[in-house]
Amino acid sequence: MTTPDGIVSALAVALARQSESHADCPLFNDPYAQVFIDAALSRGCQLPSDETSERINGIANYASSRTKWFDEYFIAAGAHGLEQMVIVAAGLDARAWRLPWVAGTTLFEIDHPGVLKFKNEALHEHGESPSVSRYVPVPADLSDGWSERLRDAGFDVSEPTAWAVEGLLPYVADGPHLLFDRIHEISPAGSRLAVEAVGTGVADWLSTQGWQVTMIGAQELMTRYGRCGDHSDTDAGMDTVFVNATRTR
């Protein structure tokens, strides 16, 4: 079969989550990562090359810490009363299935049509149902009209929203500011935004737009979770910061 756009890199990260789930003291449990790997093989998809897999394994502590941080972000958003969530470029992370969502939560996942089709077919074939009250996949190209497609799918622009942008910014051809302009335009006060960013540019911009921002560096985050990085992890996270922002006006 033709491999959907974005599926190879998503499978590489799924392999890292599958490995963490079987660690002695895992930061999270993702039983669905193996579902995607098996589904890819059964469909004739090519798994990531040995070189790609080795690169992912080399930053395993970083990747696991990143997943844990975004998991905690969504759990905290729900605890603070937010009921509308959006994951931009969701990939093959099955948060809609594996996190303990507050009743009444709606989760929108935006990604390439092929990625979402593969993801939902694999989980349906395995008999899995989302744990979130309402799950809405939004097939869209992030370079063209994604916010309109999100609204067409039922997104409420008047409701405070928790956004997540994970593992995406290096692939945004036009730079991040257009993406964050769109998010800002449709996020009322009380909305939250979690971003994996390189450097402080995103945080600085959000601060000028009425968002209250906190940051933590990748090395500090790995230390918090007891995942001290090796040389590969250190290189991967050298300039990476995790931005947590709340819109105040």
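Cβ coordinates come from backbone N, Cα and C, glycine included.
Bear in mind that the values here come from a model prediction, so they are computed numbers and not experimental data.
Record note: Swiss-Prot gives D141, L142 as S-adenosyl-L-methionine-binding, and the candidate from D111, D156, D181 in that site is D111. All protein chains included, L142 (S-adenosyl-L-methionine binding site) registers 21 other Cβ atoms within 10 Å of its own Cβ. Overall, the recorded S-adenosyl-L-methionine-binding residues D111, D141, L142 cover a maximum inter-Cα distance of 7 Å.
Its Cβ placed at the centre, D111 (S-adenosyl-L-methionine binding site) has 28 other Cβ atoms within 10 Å.
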